[in-house]
């Protein structure tokens, strides 16, 4: 017959065998034993503990170093404030005049604080200093 198309019979697709869920659940867990890894794990507790302690010690030393640097900066700033008064040192010429043409207040020297004798000199020095704590000055009583 003309015009007829021959069709080959199709076979059903091949399926994989069905795996039951119980078989999946009962599947044994495969464990491989490596003696070297076991030995490293068992004998490595002390090594790992030493390593953690060493790293913590390094972190503490670094924190102390940063704190010392910060303290040094603070002391340097306080020392400059004491030497130059409340304002930081001017980069221009120090002729005692401000930009407005007015004469600035002279800063009392340490020898002015200790002029006199006895407790009066100590009290005078203490009263003239703004605050021993703020200026970070150790005032010593010197008996002459």
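The chain as shown is numbered from 1 upward.
Using N, Cα and C of the backbone, Cβ positions are placed for all residues, glycine too.
Where the annotation comes from TrEMBL, it is an automatic prediction and has not been curated.
Of the given residue ranges 20-43, 44-67, TrEMBL assigns the label region 'Disordered' to 44-67.
When DSSP labels each residue, the region 'Disordered' (44-67) comes out as 23 helix, 0 strand, 1 coil, counted as helix, strand and coil in that order.
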